[in-house]
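Read the structure below first, then the notes.
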Amino acid sequence: MAEELLLERCDLEIQANGRDHHTADLCQEKLVLRRGQRFRLTLYFEGRGYEASVDSLTFGAVTGPDPSEEAGTKARFSLSDNVEEGSWSASVLDQQDNVLSLQLCTPANAPIGLYRLSLEASTGYQGSSFVLGHFILLYNAWCPADDVYLDSEEERREYVLTQQGFIYQGSVKFIKSVPWNFGQFEDGILDTCLMLLDMNPKFLKNRSRDCSRRSSPIYVGRVVSAMVNCNDDQGVLLGRWDNNYGDGISPMAWIGSVDILRRWKEHGCQQVKYGQCWVFAAVACTVLRCLGIPTRVVTNYNSAHDQNSNLLIEYFRNEFGELESNKSEMIWNFHCWVESWMTRPDLQPGYEGWQAIDPTPQEKSEGTYCCGPVSVRAIKEGDLSTKYDAPFVFAEVNADVVDWIRQEDGSVLKSINRSLVVGQKISTKSVGRDDREDITHTYKYPEGSPEEREVFTKANHLNKLAEKEETGVAMRIRVGDSMSMGNDFDVFAHIGNDTSETRECRLLLCARTVSYNGVLGPECGTEDINLTLDPYSENSIPLRILYEKYSGCLTESNLIKVRGLLIEPAANSYLLAERDLYLENPEIKIRVLGEPKQNRKLVAEVSLKNPLSDPLYDCIFTVEGAGLTKEQKSVEVSDPVPAGDLVKARVDLFPTDIGLHKLVVNFQCDKLKSVKGYRNVIIGPA
């Protein structure tokens with residue numbers, strides 16, 4: 001009788017498997033695999049080698065606290081002649097004496113998470129069990145049988161592997177790209193993402209069921225949407241929108257997700273202060289990409305927050321056009337969420353592909369502050385019965401806006417406002433380039449098209465179907481040049497009378513600082529004049545906005561809302577026009593000193609010219625970049641920076657990965673907040 005087969009050790013082939021599974025950056029000390037794909041391991045036996053005629057090898061793979069075959073969290077499989085794609089299986093690749101090389105495969109629908117892999121070796125009546133090691137299983141966008149399969153290699157690299165990108169802010173007329181370090185492969189981030197799944201209330205309530213359901217990216221996307229905010233659980237970020245961030249970090253100051261996720265883990269899963277929509281979206285993007293789900297951050301300009309699902313945002317104003325009160329139903333200057341790519345077997349055919357997921361806590365969905373995933377195609381088609389939260393997302397891009405002017409007797413009159421259209425310039429980063437891609441067409445049919453009317457009819461969007469009133473008088477807000485921080489500048493109310501009648505009007509122009517979510521701040525410029533509009537004439541009325549007026553009340557959004565209200569007393573009519581202005585921050589210049597080689601020290605010199613007429617105090621540069629720095633670095637500049645002078649600092653870098661990387665920089669001081677910059681750095685081999 002053959003002697004017992006004893007295992008000496010197991011080589012999980014971490015580096016080789018990491019290269020094959022596009023997880024090399026994660027495979028420093030642990031094996032990280034993508035499901036549905038073959039991987040290799042090598043067994044070293046003591047005394048004698050494996051003999052197929054007398055030895056039997058059976059493998060076990062388990063995940064979660066209470067694994068079971070029924071839940072899909074436990075598997076037993078024997079060595080076979082060939083690896084079976086799409087199931088737990090193993091076969092021999094090669095044998096040299098006591099060394100056995102094996103090939104194994106996981107199912108394309110296996111739950112993701114941490115697995116323990118074991119081996120039972122039996123010879124006759126003798127048998128021994130061995131723990132071969134642990135591995136982490138992720139979703140696989142390269143596997144056609146996986147629910148997150150994406151058939152474009154360029155898109156897989158952008159939406160799964162790329163660690164830096166852009167988030168779009170500013171205003172619909174001045175779109176601002178903000179660099180962001182997603183850093184999904186940075187040290188400790190994968191463990192933090194798995195911890196996030198284990199902290200979600202569904203896991204704490206029923207651990208076995210939650211682990212089983214992690215096979216579905218739909219389920220995991222919904223969990224991540226809830227866990228990135230902390231409104232119902234021990235989630236990552238606490239939201240705040242009142243411009244008081246003294247006991248935390250301003251949402252505008254963040255430049256990446258890595259620091260946020262590390263803070264959350266290091267402080268015992270306590271909320272990180274503070275986030276706003278793009279921070280929630282960026283952290284969700286990091287987590288979902290890390291878990292293997294193709295994901296991108298999306299910005300919707302003029303985004304509606306409709307609480308009662310009537311697809312209508314109503315503003316009530318006094319006779320001067322001023323809002324009677326700030327309210328929860330608002331038009332946000334912009335709003336960010338993420339889209340993740342997956343199949344939707346729970347929905348009708350055609351609703352697979354990009355799914356909107358919104359982690360910003362706005363409204364509850366099934367009792368939890370989360371939103372989505374909802375098919376972007378379903379939004380475009382106006383199919384509001386689609387899971388999950390289709391009415392809310394449809395309203396974000398399609399709601400109508402009505403302005404009511406309250407009269408002296410308390411009655412209200414409807415004002416005409418052609419300047420505010422919800423759901424414009426929906427933006428995301430282009431694939432493989434540092435450019436913006438407009439994806440509005442994926443959410444909406446062209447304005448005025450028969451398809452648009454059909455969608456509005458299906459969605460019962462009666463207000464959008466109503467005929468628009470025409471008066472023959474039009475007004476829009478135009479801007480001049482030099483809309484930069486520290487400058488005085490002019491804006492103009494451009495008024496056209498396209499009728500044969502003379503119109504006697506009163507124009508009220510007002511500029512106020514505004515937060516990106518539509519909450520107004522103090523006034524920083526006004527004009528009140530009487531106008532005679534001649535037949536078929538055009539007029540342009542300027543409003544001067546002074547730095548001394550806006551400097552003390554501008555929020556970190558750098559936004560000013562200009563409102564024009566044209567009143568025609570004889571006709572008792574009101575015409576409203578608005579425009580949000582974004583004030584450009586000064587440019588951060590970045591120089592890289594030294595030869596950019598792997599594992600060789602580099603120095604980044606960052607500088608900024610003070611554009612203001614006042615000195616700058618408390619200046620600080622913060623930099624980070626996946627593959628360039630292990631952690632975020634900050635440099636304080638103690639001396640005041642006189643008007644027109646440069647503020648400059650140097651930061652040491654130690655690049656560990658070859659290829660293209662982005663160094664992301666933030667600058668803060670007493671008078672300039674959240675100035676962003678970046679530089680692409682190509683690191684060559686040592």
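Each Cβ is built from the backbone N, Cα and C atoms, and glycine gets one as well.
Taken from Swiss-Prot as is:
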type: ACT_SITE; residues: CYS277; note: active site
type: ACT_SITE; residues: HIS335; note: active site
type: ACT_SITE; residues: ASP358; note: active site
type: BINDING; residues: ASN398, ASP400, GLU437, GLU447, GLU452, GLU538; note: Ca(2+) binding site
type: BINDING; residues: ARG476, ILE477, ARG478, VAL479, GLY480, ASP481, SER482, MET483, ARG579, ASP580, LEU581, TYR582; note: GTP binding site
type: DISULFID; residues: CYS230-CYS370; note: disulfide bond
type: DISULFID; residues: CYS370-CYS371; note: disulfide bond
type: MOD_RES; residues: ALA2; note: N-acetylalanine
type: MOD_RES; residues: LYS468; note: N6-acetyllysine
type: SITE; residues: TYR516; note: site 'Important for catalytic activity'
Check: min Cα-Cα distance from ASP400 (Ca(2+) binding site) over recorded positions CYS277, ARG478, ARG579 goes to ARG579
I need the CA-to-CA distance for ARG478 (GTP binding site) versus ASP358 (active site), whole Å please. 33
In Å, rounded, how far does the Cα of LEU581 (GTP binding site) sit from the Cα of GLU437 (Ca(2+) binding site)? 22
Could you round the CA separation between SER482 (GTP binding site) and TYR516 (site 'Important for catalytic activity') to a whole angstrom and send it over? 21
Conformational class of CYS230 (disulfide bond) under the three-state DSSP mapping: coil
Of ALA2, CYS277, CYS370, LEU581, the recorded positions given in the record, which has the fewest other CB atoms within 10 A of its CB? ALA2
May I ask which of the recorded positions ALA2, ARG476, ARG579 is closest to ASN398 (Ca(2+) binding site) if we compare their C-alpha atoms? ARG579
Rounded to a whole angstrom, what is the C-alpha distance between the residue listed as 'N-acetylalanine' and GLY480 (GTP binding site)? 90
How many whole Å apart are the CA atoms of GLU437 (Ca(2+) binding site) and CYS230 (disulfide bond)? 31
Please identify, among the recorded positions CYS370, GLU447, ARG476, GLU538, the one with the smallest Cα-Cα distance to CYS277 (active site). CYS370
